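S.K.: Below are the structure tokens for one structure; questions will follow.
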Amino acid sequence: MPDRAPDRAPATSGGEKGLAQASRGGEVERSAGRSAAPAPAGRRSLLPAPGQGFGVTFAQIFRKVTTEEYPEVPKVTKPRYHGRHVLNRHPDGLEKCVGCELCAWACPADAIYVEGGDNTEDARFSPGERYGRVYQINYLRCIFCGLCIEACPTRSLTMSNDFELADDNRRDLIYTKEQLMAPLLPGMESPPHPMRLGEDEKDYYLAATQRGETP
Ligand code: SF4
Ligand code: SF4
């Protein structure tokens, strides 16, 4: 019986076939991409290319300079700019912070560390039962989102417009309570001292609402 001549190309293995198909497919895609590419735009200017390039430079020379002269000329931020934090005081000098740690829990960057302490009649730092004994903000972590000041129930924590927070070492960018406390204004007394604005915490709350503050 004579051998039958093969009527098709010799069979290839599955892997080779796949490679061949993939290679053909890539070729089709590449050729499709070539045909879809836009034709390069023609140069409209009569100037040679270097002349056009320097034209951009010369046009900039006569425009208004927008360089900030910082730090010689201090930058004025928008009034609601989120800068360095401040721990505020009541009008008699007592601290508004009650050491509740809500700001620390609200912080997405874990930048705040608070340890509360108990007020006593001999050593009172805030009108409530507790005060912020240790308070730290790590400005290497803070992203100035303002969630901590939203979380604060006593409006103790607010943010100033101060943005000058650069330093050359990590330790100095962890701000302590002493650095964050608002300064003593005229009429304020440095804690600890007894409550001057009323008998208890409620008097401070009512006084704040009468002044139009959100306590
Ligand atoms: S501003 Fe945002 S990131 Fe910074 S301490 Fe407050 S909650 Fe944390
Ligand atoms: S700053 Fe406000 S939220 Fe944070 S511990 Fe003090 S009272 Fe609580």
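Glycine is no exception: its Cβ is also placed from the backbone N, Cα and C atoms.
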S.K.: Given 1-48, 49-96, which one carries TrEMBL's region 'Disordered' label?
M.R.: 1-48
S.K.: What's the number of neighbouring CB atoms sitting within 10 A of the CB on Cys107 ([4Fe-4S] cluster 2 binding site)?
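M.R.: Taking all protein chains shown, Cys107 ([4Fe-4S] cluster 2 binding site) has 20 Cβ neighbours within 10 Å.
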S.K.: Please report, as numbers and ranges, the same-chain residues at least 6 past the borders of the domain '4Fe-4S ferredoxin-type' (133-162) whose CB is under 8 Å from any CB of it.
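M.R.: Cβ under 8 Å, 6 or more out: 77, 79, 81-88, 95-100, 102-117, 170, 173-177, 180, 208, 213-215.
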S.K.: Run through the domain '4Fe-4S ferredoxin-type' (133-162) and tell me, per DSSP, how many residues are helix, strand and coil.
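M.R.: Grouping H, G, I as helix and E, B as strand yields 5 helix, 9 strand, 16 coil.
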S.K.: Any idea what the Cα distance is from Cys145 ([4Fe-4S] cluster 2 binding site) over to Cys152 ([4Fe-4S] cluster 1 binding site), rounded to a whole Å?
M.R.: 14
